[in-house]
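Listed in TrEMBL:
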BINDING   C:Gly67, C:Gly68, C:Arg89, C:Asn183  substrate binding site
DOMAIN    C:27-265  domain 'Aspartate/glutamate/uridylate kinase'
SITE      C:Lys32  site 'Transition state stabilizer'
SITE      C:Lys246  site 'Transition state stabilizer'
There are 6 protein chains.
Amino acid sequence: MTDREKDQEKAQILIEALPYIQRFNGNTVVVKYGGSAMKDEDLKMHVIEDVALLKLVGMRPIIVHGGGKEISRWVKKSGIVPEFYNGLRITDRETLEVAEMVLGKVNTDLVSLVQQLGVNAMGISGMDGDLLKVRKVMPDGQDIGFVGEVTRVNPDILWKLLDDDFVPVIFPIGSDKEGNAYNINGDHAAAAIAQAIHADKLIYLTDTRGVYRNPSDPDTLISELDEDEALRLIDEGVVQGGMIPKIRNCIDSIRNGVRRVHILDGSAEHSILLEIFTDRGVGTAIMEREQQRYYRGA
Amino acid sequence: MTDREKDQEKAQILIEALPYIQRFNGNTVVVKYGGSAMKDEDLKMHVIEDVALLKLVGMRPIIVHGGGKEISRWVKKSGIVPEFYNGLRITDRETLEVAEMVLGKVNTDLVSLVQQLGVNAMGISGMDGDLLKVRKVMPDGQDIGFVGEVTRVNPDILWKLLDDDFVPVIFPIGSDKEGNAYNINGDHAAAAIAQAIHADKLIYLTDTRGVYRNPSDPDTLISELDEDEALRLIDEGVVQGGMIPKIRNCIDSIRNGVRRVHILDGSAEHSILLEIFTDRGVGTAIMEREQQRYYRGA
Amino acid sequence: MTDREKDQEKAQILIEALPYIQRFNGNTVVVKYGGSAMKDEDLKMHVIEDVALLKLVGMRPIIVHGGGKEISRWVKKSGIVPEFYNGLRITDRETLEVAEMVLGKVNTDLVSLVQQLGVNAMGISGMDGDLLKVRKVMPDGQDIGFVGEVTRVNPDILWKLLDDDFVPVIFPIGSDKEGNAYNINGDHAAAAIAQAIHADKLIYLTDTRGVYRNPSDPDTLISELDEDEALRLIDEGVVQGGMIPKIRNCIDSIRNGVRRVHILDGSAEHSILLEIFTDRGVGTAIMEREQQRYYRGA
Amino acid sequence: MTDREKDQEKAQILIEALPYIQRFNGNTVVVKYGGSAMKDEDLKMHVIEDVALLKLVGMRPIIVHGGGKEISRWVKKSGIVPEFYNGLRITDRETLEVAEMVLGKVNTDLVSLVQQLGVNAMGISGMDGDLLKVRKVMPDGQDIGFVGEVTRVNPDILWKLLDDDFVPVIFPIGSDKEGNAYNINGDHAAAAIAQAIHADKLIYLTDTRGVYRNPSDPDTLISELDEDEALRLIDEGVVQGGMIPKIRNCIDSIRNGVRRVHILDGSAEHSILLEIFTDRGVGTAIMEREQQRYYRGA
Amino acid sequence: MTDREKDQEKAQILIEALPYIQRFNGNTVVVKYGGSAMKDEDLKMHVIEDVALLKLVGMRPIIVHGGGKEISRWVKKSGIVPEFYNGLRITDRETLEVAEMVLGKVNTDLVSLVQQLGVNAMGISGMDGDLLKVRKVMPDGQDIGFVGEVTRVNPDILWKLLDDDFVPVIFPIGSDKEGNAYNINGDHAAAAIAQAIHADKLIYLTDTRGVYRNPSDPDTLISELDEDEALRLIDEGVVQGGMIPKIRNCIDSIRNGVRRVHILDGSAEHSILLEIFTDRGVGTAIMEREQQRYYRGA
Amino acid sequence: MTDREKDQEKAQILIEALPYIQRFNGNTVVVKYGGSAMKDEDLKMHVIEDVALLKLVGMRPIIVHGGGKEISRWVKKSGIVPEFYNGLRITDRETLEVAEMVLGKVNTDLVSLVQQLGVNAMGISGMDGDLLKVRKVMPDGQDIGFVGEVTRVNPDILWKLLDDDFVPVIFPIGSDKEGNAYNINGDHAAAAIAQAIHADKLIYLTDTRGVYRNPSDPDTLISELDEDEALRLIDEGVVQGGMIPKIRNCIDSIRNGVRRVHILDGSAEHSILLEIFTDRGVGTAIMEREQQRYYRGA
């Protein structure tokens, strides 16, 4: 291809994005960002570029992030042995303190990356404007310390930031009625926020490409699911292990006003753009039954 | 390339557009559209797609259009022999009436095309909200009928439409103090409007790719010019014929608050996008002296 | 009368208008303007003066206009033989093109007249801001070409214009889902718009002074009718011919949220002002049953 | 004339008002109302009708009123002998109290009259929102009690009321720095307010028709004066007695940003409307030199 | 205590007010002010200071006031013998005139006091903006002259004043449909206004400290009552005499959207602040049944 | 004192605060908070209570905070030896990371405290909305790592938060043009912010009560200083050591649009309230020359 032909092709691709840009104009999108998608700086930058692009073409993204492997690293550094109960980090006061510090640091870094792309961002915790009120979690009656579940979301602060054209970047620390800080599971916080604002999309950047009909066969990735199918896949044992709570979480979000939930591979470059701006998509989208037929290929 | 690779490439191209989208966010862009760029429906659609995309990624485009070959066709159909004086159409009352009708029709069609792409458009003439006030033109003291030049632009209506997220689509009929209608040269109307709103960009879609250092050698297209260079090219006889008034028009606009003027080939597909969203550009850009060095490749 | 007495009388008349100005302050008024009320320039100016005055004393008028005899004149000029089916113009592609052009021209002229009176006007078609969406009409299953009926009105653009203190001047061309243009019957378009915005008044400027109890006796003009009486007059054969669809149209509007419909003689000078600002009125007003007793002479 | 002809004439007169309505749209008009124009209920109603009409056709009137003969009547009733020094009421504490009460009562009555005409009014004193700050007047070093002159106008409250579509009705009681109440001369208060808001018009309703070239000849009323002419008339002794301070007041207002001052006969019916809405006018208008030639007969 | 210790204590007390300030932030509070609480200037100043403080710490107070003993004093001065029927002043035209004058005067004085404390106030009657529409009261069929009861409150003007950060100061003169002025009982006017705006608090400054379980024993003051208890106290004869209509008035207000009604001793210094900003309170508060338990000591 | 007397005294103290509340209504106040004022939880709470009270009585406080002793504690915990150059922390990448984490944690805690008092707070760093742009500091040409000085403040984000009724809580991490994070000296950051928004007050909570004429004699605390006096005290050697840069900082702020700078003892309870709400004040205030005489005891 000559340079001219290459440019021509670029223009063509921008034009192909037009119907998607139009369709999703003004949509609120909550992106849960964490785990392996955070593992290196390049990958981080790709995710942030995707989010910035969503913002610049008229969508309203919100980032909810975890601390990745950093929390465990710093916990160890402080001489504490990280412990988990059923996948939840046992969080004594010292661990909580470290978690807050690490999440705050990751938050500042993400905000800085977004700002470098010329988009205004504001880093907030669940404390700011009383965004996330929580109560102590007691799994199986076990005391696992300062781990909370969201009981109330106060989205005022989000609407203000979105109206002022900021990308809110949220880390999941909330407070109980007495103002004590609690660590919150990031997936859970993202879902609670998405539900509270009736988000158009909730995107989970995970370590897997989505839901497979046959997990050992990469060709069996399911592109779209409605609630009933998702439940059936759990019943039939197709969905297994750590994916079960995630899928239940998705179904719950759909039932509480989120229009679509996407499960994407966070370590694949630009998976957010690919899922939103191409017909094929790259992950698994879960939605209400009725939406499905109108969606793809529109 | 596999489908996946193709998608990946698409995402990459969208991301490459990011810095341009950012840089031009909120920019007002006046697109003068007419002549050969209107000759077939496909070409029309490409131009409108470009404009819609500018709008959707946050710029604020305004279209100023002529009537292309349609006016002459209908003038003839009405049994009038089209006449010109120095390139200006001699416009008796009947010709004016036909011109208004044809321009109105073209306007409605363009508005409809923009709307089909999901973007709000509003068709207006220079009468609406007193946008364009004119006085009769008398070239060399010749009476050539109802041909006017702009004496005052009242941009209130444009700010209102832009703030309400419309793409204004303007046809160049204005009125004198007594309210008589006049035909206005499209290039002149576009320049007057761009100057009145201190547009960031004024784009002329023309029948040529831009300004050539050697008109017979397509490889000598000049990508960027400042005012002084542009004047020198006229003095040196490099710019000739119909291009001279056009270039003078551009210089005039630069001196009256327009930041950049672009001369593009209207019949080349997506030339607007290519000029704005690629480093190479595809036409000739004229700007103030100081801007030049910072612009390309930033 | 001395000059002083004349001036005194003038002041008196302005004061008499006070209660009407008050009562109708902020009222939205859709004026359907066409046919014989357009036949000469003086008459046109009188209608526009009335509308401008409504605007200046605080009402919010909207003009919906047809093309009068001009469309037929231009259709013939283009070598087409005008044809009608049940009063609807058979509209092939070429006729549609002519209709659009003529309506656009009439629109620009009306906008210019309003502007000359110092009132801001904006000419729009049903394309602008997707104001009028239509579907093809097939009377008795007959294909009569590009004639549409309104299926959806998107009044956003009207509220914006009214809030920005413009008089919207609308010509009845709309588009179907694919964006194809259609001609719309002017009375029908005006009614659809009036219903969509729950207009306080819908005024038809027609070729007759209103509804007569005995059409051959000018003294039997009916000043006010409620829905039931109007229906009865049709049943009893008092209302006949072309008046039947008009009256049905009126009743329909009343039932869909328009507060009053007025049928006035468009060729009588200042009939709009006379109907609105005098107790006697000059035409026939149709309204809901309950309103009637409170209205006149209040 | 038949009824129909009469109605026709009415419409014609409304239309004749159109250019005036247009020209004065949005104009702020301070009306100083007092003295003989208050003497009977009919006259009061006529003045209020005029003001209400100004409001309804888009102007922004403000009334500043005195107490007429009522203050003296109540002062006497309270057993006090009214005293004056150089035309200023000597105001001891008891007289001040009576003045405040009477002015408050007149104020409430005027507000009620305006409200009856369907126009929102708000009665305020110079105390409300600190509108009028004054200092004690000592004419020729004489202590005449609680008589103040305006030292500062705080027009915020007026802009708020005007923006909220109220007619402010003001009575001239102000306070000094310590919050003590003072009576203020009504003409002086009206001028201070008009200057503070750069009023388009300041109208004095007086006991005379205006300024005469020869006071004994009613045919020599001067319709328009510029500042210089007004000063010359004082120098030449044409303007005499109580008219001298009034005219100086007018000149002062013109020099401090008021565009025109009108002296009208308050006891002539609808003199405000006649002055504003007819070419001839009925009183004397004083304006800057340059304005004069453009004004009348425009 | 040293000066330093005193200052320290002051800071401590301000801090103690914090939770109350917070809790009542933005609350609308109607204060009915009259009778003995107006008897001397010092007391007046204390009441106004309290109201100004409420405003400055973020509440939105409204004053409704009577004329205290001044009306009777001026009525007598005018040679009229004050007469009452069942506690309502028999109000002939002359008495009404005096009442209006006195109330207007008191109003101006109160506005001036508020302004001296640096808080914007606006004095209004029930005429302004048609705030209070009334009908003639005929107790037992008796004609007692121009005494009205409120039939409609038009609170627009209040919202505007509150939004513009004014303290509205209202005197209870209203008008009937024909615009005739009527005197209104102040308690009744305050209740009508509080109900119309669903006030958070309605405070009656009275001549007693509140409701006593045993009126002869000052230690039996009841601090809080719900509707049912209040009714029971009437039934049981605990509440007697003039207190009965007052308490019924309170219950009525609670049932019509007012959250709490407070009966306080207007002649006790700073009773408003003490009731609102201390746990003990100083008067009797009446509220809906459910509120009670959450309120005190929260 | 009886309870009643105590309550009475409380009311009296609130009323005494009235003139201060009035005078400072709407004032922006930047509070630099750090060092010993952070040393225990009680002290922290007192400072936050003071700030919350300022907010609730209508002022607009902003907190800029450091990390107190926590940074050094965590730096050591991470096995790094804290190093300083001329009082500036030598900040390698690892130290910076720890500083960011600690500051973020302190920030979240402060936000939580403010929220517990029912006031909305938002924690931000200098990254959010590009608040603080910095360049690397090279004292005496020494490279001391990631220590920056503020080159540009972008206060948009602050105005938005203040307009939305939040208390911004800022920690001093900023970024250079490439987006690299830098630690900023807290005093310097607070001054830069106060200057950028032309703060009415800048309050430094320090380890000393203010400036003493004779540092060894606590009775020689200087209550007020103007710029010239402050400079003279430096010249005369009265101000010494670490106080010199602080005072220079204050003078600089005064010269760049801050109205008053206060130096207070952060470890004294409620020193902010005492300084603002009492005549005596408790620290040293520095202001422009002209202000001084009007200020105290006004």
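Numbers here mean position along the shown chain, with the first residue as 1.
Glycine residues also receive a Cβ, built from the backbone N, Cα and C atoms like all the rest.
All features noted in TrEMBL, drawn onto the structure.
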| residue | record | Cβ contacts under 8 Å, 6 or more apart |
| --- | --- | --- |
| C:Lys32 | site 'Transition state stabilizer' | C:Val64, C:His65, C:Gly186, C:Asp187, C:Ala190, C:Leu202, C:Ile203, C:Tyr204, C:Leu205 |
| C:Gly67 | substrate binding site | C:Gly34, C:Ala99, C:Val102, C:Leu103, C:Val106, C:Phe171 |
| C:Gly68 | substrate binding site | C:Gly34, C:Gly35, C:Met38, C:Lys39, C:Val106 |
| C:Arg89 | substrate binding site | C:Ile71, C:Pro82, C:Glu83, C:Thr95, C:Ala99, C:Ile144, C:Val147, C:Asn183 |
| C:Lys246 | site 'Transition state stabilizer' | C:Asp187, C:Tyr204, C:Thr206, C:Ile263 |
Could you tell me which of the recorded positions C:Gly67, C:Gly68, C:Arg89, C:Asn183, C:Lys246 sit with their CB under 8 A from some CB of chain A, listed in sequence order (or 'none')?
-> none
Counting every protein chain present, what is the number of Cβ atoms, excluding its own, within 10 Å of the Cβ of C:Asn183 (substrate binding site)?
-> 28
Looking only at DSSP and grouping its letters into three states, which state does C:Asn183 (substrate binding site) belong to?
-> strand
For the recorded substrate site, whose residues are C:Gly67, C:Gly68, C:Arg89, C:Asn183, find every other residue on that chain with a C-beta no more than 8 angstroms from the centre of their C-beta atoms, and list them by sequence position.
-> C:Gly66, C:Glu70, C:Ile71, C:Ser72, C:Ala99, C:Val102, C:Leu103, C:Gly186
For substrate, with binders C:Gly67, C:Gly68, C:Arg89, C:Asn183, what's the maximum Cα separation in whole Å?
-> 14
Taking the domain 'Aspartate/glutamate/uridylate kinase' (C:27-265) alone, what is its mean pLDDT?
-> 92
